[in-house]
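*Asks:* Before I ask anything, here is the structure I am working with.
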Amino acid sequence: MFEYIRLDLLKKFNRYRETFLNSKMRALNASQVLVMIPTWHTIWGMVVCFKTLANQTILDLSYRMGDLAYQYGVGEPKKRKRRRALPLYGTIRKMTLDPRLLSRWLEYESYDYRPFFTWYITLVQILLCAYYLNLYGIGTDFGSLHTGIVERSGDVYAPSFSTVHIVTWEQNNYWIGPSFASLVHMGAKYTPCMRQDKQIYARIIEERKQESETGCCIWKDVCYQTSECPKVYDLFMKFANSTPDRPIRAVCGQDPRYCKKPRSIEPFEWSGDISQWPICNEKSSFIPSMATHMHCEIVGRPCCIQMHGQCRITTKQYCDFVNGYYHENATLCSQVDCLNEICGMFQFRKKNYPDQLYRLFLPLFLHAGIIRILITIFLQFTIMRKFENMIGWVRLSIIYIFSGIGGYLASATFEPYMPELGPAGSQGGVLAALIVDIIYNWKYIKDPIRVLSIHIIIAIFLLFTGFLPFIDNWAQIFGFIFGSLWAAVLIPYIGESRIRRFFIVGICAGFLILLYVTLLILFFGGFEINPKFAFLNCPFPGKVCDHQGSQLKSWLPI
């Protein structure tokens, strides 16, 4: 009989021990928790407690059980230093709980609540930040931090062998991290890399139409493709043959009649539009001398410039100065996919059709610089770690990831041209979930107005940081909305009736689905967005809020 009682007590004791791993329950008096244990269990419970003094959680329980035993005339009350909870989260009032209410609470809090997810996600973010800083270096210009713009100027050679003066502007990285263009290569949220942008694609089509009217500008033994040939040059060849029924446009270094790979034969005959021509990988061994455009040295090749897929035929010196992508094997801009070069990461499955939808998820692990990762570490090891102790890693991971994805989906829809990265939407979602938790447990928290005010101040602080470059306010605001809805669906609240609980979960789940579907429709629909929406992210005047990457003061002709 005694053995049965001992085993029964150990089973119950292990169950109540798990309660104290939860930060909420640590603030409760143990006498309230043990009210369900019969009186004859108390003495044996004390013996089991004092055998596990090495465990701080069990030590707390032993003190409280000692107090309970003293009330029944056994032993002396235990004295210890009071452990205070951080004021950021508040503490639970001392109260008498209904045993049935406590039983429901224990059912929800019956497994390991160590913040595994917070540790894991923060470690991954730190490692990725260190890796990309080592890969791309620090592109911050500390001498231009007060202006927010890095301006460079210099004289370089153009394809016409004339010297041109170039002035470029580029956004400075306040956060002490990689350059503007490198952030997109890292995997930042950038809508033109995720789906076909109508405005950018219309510009590309217009430039290809202009390129289809260009010719080969030849001077002595050098040449380059252009629409405007200087008068000092010897020849501006527009057509490579004189056949009126099927004229062939002259392209420097390329002609379908003298290309072996790929050969222009039926049914793979090259188009009459040069913007549809492929790159010639192998030329014919015999090219007649009259084909002047095939015997000259090409001094201008396609160079991808800026963030919207622009391309110009220019020299390598010019391309390097403007931080462009130079293509030594191509002869026409239509033969390269500039947007794919700018986006980096994985190649598009189809040319000129961006499909990098993983940019909705990947930026959650990336940061714009050292200062930003330090802010993330502070927020996640103060707010998020404690919150994970309260609700468990499964619920927190769902809130963190799906709030972040929803936030970036909204950002990609309403601010498509500004590269953004960092877990701003996820942190907003976690903060919103914590605020919802405070509201639901209002009557159980000491000084709830003060606790709620502290969290609202943190939310306002995050909103103001979103006005700086590379931090996304659209993601933070929608992440906050998604986080509050996910919290209402996932987090169990003590004291709610089953019918009311089902009603709240149903309504919030419906709003979640509606919000996700609406944003997806707006995102893939490619609706024209009001430029004023960009002010929510960056309201500063001047070039600080430009999103062109390395912006040129003047352009070469196509």
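Including glycine, each Cβ sits where the backbone N, Cα and C put it.
If you look up TrEMBL, you'll see 355-491 marked as domain 'Peptidase S54 rhomboid'. Per TrEMBL, transmembrane segment is recorded for 360-381, 393-412, 424-442, 449-471, 477-495, 502-527.
Tell me about the setting of these features in this model.
*Replies:* Across the domain 'Peptidase S54 rhomboid' (355-491), the model assigns an average pLDDT of 89.
Cβ atoms under 8 Å from those of the transmembrane segment (424-442) belong to residues 89-90, 92, 364, 376, 379-380, 383-384, 387, 390-391, 396, 399-408, 411, 448, 451-452, 455-456, 458-459, 462, 466, 471-473, 475-484, 486-488, 491, 493-494, 496 of the same chain, restricted to positions at least 6 beyond its ends.
Residues 101, 104-105, 108, 391, 395, 398-399, 402-404, 406-407, 409-411, 424-437, 440-441, 459, 463, 501, 504-505, 508-509, 511-512, 515, 519, 536 of the same chain lie 6+ residues outside the transmembrane segment (477-495) yet bring a C-beta within less than 8 angstroms of a C-beta in it.
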*Asks:* Name the range, of those listed as 360-381, 393-412, 502-527, that has the largest tally of Cβ pairs under 8 Å with the transmembrane segment (449-471).
*Replies:* 360-381
*Asks:* Which residues of the same chain, at least 6 past either end of the transmembrane segment (393-412), have a Cβ under 8 Å from a Cβ in it?
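*Replies:* For the transmembrane segment (393-412), the far contacts come to 113, 115-118, 121, 189, 191, 194, 359-361, 363-364, 384, 387, 420, 423-426, 428-430, 432-433, 472, 474-483, 486-487, 490-491, 515-516, 519-520, 523.
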*Asks:* Could you count the residues of the domain 'Peptidase S54 rhomboid' (355-491) that DSSP puts in helix, in strand and in coil?
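*Replies:* Tallying H, G and I as helix, E and B as strand, the rest coil: 108 helix, 2 strand, 27 coil.
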